[in-house]
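What follows is one structure encoded as structure tokens, with my remarks underneath.
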Amino acid sequence: MTTYPDKPLRTPLLVTISVWQALFLREANTRLSSGRGSTVWLLGEPILHTVIMLLLFTFLRVKVVGGIDVLAWLIIGLTFFKVFKNPGTQGQNAISANKVLFTYRQVKPVDTVLVRVFLEGFLVLLVILIIASAAIGLFNVALWPDDMGMVVLAFFGLWLMGLGYALITSVAIDLIPELGKIFNIMMTPLYMGSGAIIPLSGISEPYRSWLMYNPMAHGLEVARAGVSSSYHVILGTNIAYLYECALVAIFFGLALHLRFQTKLLTQ
């Protein structure tokens, strides 16, 4: 009688990695092949916003903000805010977009959020590199970092904040779909109050201190300081605050996924 060796069982870690790989390929294909418009808009949106704001600052005769060129200031603010925004807003819809996959017991709702947030972070990184390279090569904008470590810290902190935001809102929206509209509205004050397009240094106290409760403001300030050592960082900027907020949001989001996993799978 011929005997065959037993096939080695895959560990839970290997199963999870396989699930993430499959989800990543699916998400990337969906994100990039949904039409030329969506792919072009990834790059076109921050460029368009930068041009509009640059025209406004030019009209106001503002050439320098915080000790650096206004164009460099705008590019850093607009692109780095997207490090939080894109993973956060795309990740919040990951569960509803992948409901059909939950028939496979290996796929959990949290997997879809994690993979989508990772993909969006990767795409935003590519956008930043393309825009920065074009600005340096074509317009001689001073965007080569003086302190790469600070720039990386800011990028990763903002991405983690987007992850925490996505983990929390994805559960909330799946349980109460109407909350999606509220979260989308909330993104506007977060954007305006982050210092992405409005210099917080020009806002008087105590209002500036109130705006500094926005963790994204700290990330953008550190990113600008990393690019240019001559940038005048707002008093009270603390990269640790961004990471603390991000870790609290991630912990709370994972707790929500664990608590409502069964409902998310069956609803």
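Heads up, the Cβ atoms here are built off N, Cα and C, so glycines get one too.
The domain 'ABC-2 type transporter transmembrane' annotation in TrEMBL covers 21-225.
Annotated transmembrane segment per TrEMBL: 40-60 (among others), in sequence order. Within the chain, the transmembrane segment (40-60) has long-range Cβ neighbours (under 8 A, six or more residues past its boundaries) at 70-71, 74-75, 78-79, 82, 123, 127, 130-131, 197.
Taken from TrEMBL, the feature transmembrane segment applies to 66-84 (among others).
Annotation source TrEMBL lists transmembrane segment at 122-144 (among others).
Residues annotated as transmembrane segment in TrEMBL: 150-173 (among others).
Among residues of the same chain six or more beyond the transmembrane segment (185-203), those with a C-beta under 8 A of the stretch's C-beta atoms are 49, 53, 65-66, 73-74, 77-78, 80-81, 85, 88-89, 211-212, 214, 216-217, 220-221, 232, 234. Taken from TrEMBL, the feature transmembrane segment applies to 185-203 (among others).
Remote same-chain residues near the transmembrane segment (239-258) are listed as 108-110, 113, 150, 153-154, 157-158, 160-161, 163-168, 170-172, 215-216, 218-219, 222, 264 (criterion: CB distance under 8 Å, separation of at least six residues from the stretch ends). According to TrEMBL, the transmembrane segment annotation covers 239-258 (among others).
A Cβ distance under 8 Å defines the sequence-distant neighbours of the transmembrane segment (66-84), meaning residues of its chain 6+ beyond its ends; these are 46, 49-50, 53-54, 57, 121, 124-125, 127-128, 131-132, 135, 139, 141-143, 154-155, 158-159, 161-162, 165, 191, 194-197, 199, 201, 216, 219-220, 223-224, 227-228, 230-233.
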